[in-house]
Amino acid sequence: MSLIHLSFYSAFTLSSLGLAFHRTHLISALLCLESIILSIYIGLSLWPVQNQATSFTLLPVLILAFSACEAGTGLAILVASTRTHGSDHLHNLNLLQC
Amino acid sequence: FILMLSLALGTMITITSNHWVTAWAGLEINTLAIIPLISKSHHPRAIEAATKYFLTQATASALMLFSSMTNAWSSGQWDITQLTNPPSCLLLTAAIAIKLGLTPFHFWFPEVLQGSSLITALLLSTAMKFPPTTILLLTSHSLNPTLLSTMAIMSIALGGWMGLNQTQTRKILAFSSISHLGWMTIIITYNPKLTLLTFYLYSLMTTSIFLSMNSTNTLKLSTLMTSWTKAPMLNTTLMLTLLSLAGLPPLTGFLPKWLIIQELTKQEMTTTATIISMLSLLGLFFYLRLTYCSTITLPPNSSNKMKQWSIKKPVNTLTPTL
């Protein structure tokens, strides 16, 4: 069972590193955010299988609903930044310098 | 206005939760509700602020969910107050620090406040800080006190230092918010009631300052200098509120600082208390500069723009007397 633990821990770590080190496009950050949520979803789906507690099977669906809303918001922000800044390049987000 | 209702709903859900997923859901509802509020004006700065806010808060929520999942895998339950797994405690501390804006995760906060309108900035710095603070309160007995104290001292230092060179009032208030968060966090493992007290008083004072600045529409220091022509009574009470935020003795803002220092000396942390008192002197400098610009001087450059005679809504002069 610890191989499965390792798989979604490493998926989470890789996605969060990808989110931290995104370089030019905003959309790569959104993709890494989605893969973080996906790894959490898989980990949570395995939990009632492991513990034989069937009352917790609804939990991943709830999380999926909220994270889908959040992904939609992220895409809307991407579209808005393309409308105002011209592209989703992160170098262009420098209007608010100290 | 349905977005405000969603904010209230999200806050209520997080406060009244004892399961990690309900806390996370409330935080997500808050994030989703405030993104359209930030980006309402379709100005490029507002969209940029919304982008930065969204990315940081979404990573913090995902980190929080992951830490609760690892805690559930290792201990078999989802209760908020029973956080037993040490790596998940660390991840949760990092997630809440990102959500609140504690150092070293504070970089998004001044820019997001700068890009949003004054009322939205008020909501961002008072109402959006309340649910993560409640989660911190619920889990404070199992978090690492050294880490929290280090982050708090660094927050007070950075909030004071980086506020010194600012001329935009929203960024100044952002840095004051960061340093007040440091004051709140330093006492949380010893006496959580003082954290709540500091939070309530801070949000009250910040609300009055933001509302005063919204009435006179001051976004820069130069605008603050000519605001005495618009509503003189508001200006004097704004000065008193600013000095209260700085923490000067006869005003209300001194009370949390005094009680926190007293509690820290009771816990034999006198060097910490001395360090944070010294560091709040840095904040005092820019609060004094704000009061100097707003009330004490009557500079000759009051002939900038004629539009400064317009007040957006009837001025509530009682707000700063809170």
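Going from the start of the chain as shown, residues are counted 1 onward.
For all residues, glycine too, the Cβ spot is worked out from N, Cα and C.
Just so you know, TrEMBL annotations never went through curation; they're auto-generated.
Since we're looking at a predicted model, the values are computed, not measured.
What TrEMBL records for B:17-282 is domain 'NADH:quinone oxidoreductase/Mrp antiporter transmembrane'. The domain 'NADH dehydrogenase subunit 2 C-terminal' annotation in TrEMBL covers B:284-321. Taken from TrEMBL, the feature signal peptide covers B:1-18. According to TrEMBL, the transmembrane segment annotation covers B:20-38, B:50-70, B:90-109, B:146-165, B:172-190, B:196-213, B:234-255, B:275-298.
The stretch in closest packing with the transmembrane segment (B:275-298), judged by the count of Cβ pairs under 8 Å and taken from B:50-70, B:172-190, B:234-255, is B:234-255. Of the Cβ pairs linking the transmembrane segment (B:172-190) with the transmembrane segment (B:20-38) and spaced 6 or more residues apart, fewer than 3 are under 8 Å, so the two regions do not touch. Under 8 Å from some Cβ of the transmembrane segment (B:50-70) lie the Cβ atoms of residues 20-21, 23-24, 27-28, 31, 34-35, 38-39, 78, 85, 87-92, 94-96, 98-99, 105, 108, 111-112, 115, 124, 135, all in the same chain and six or more residues away from its ends.
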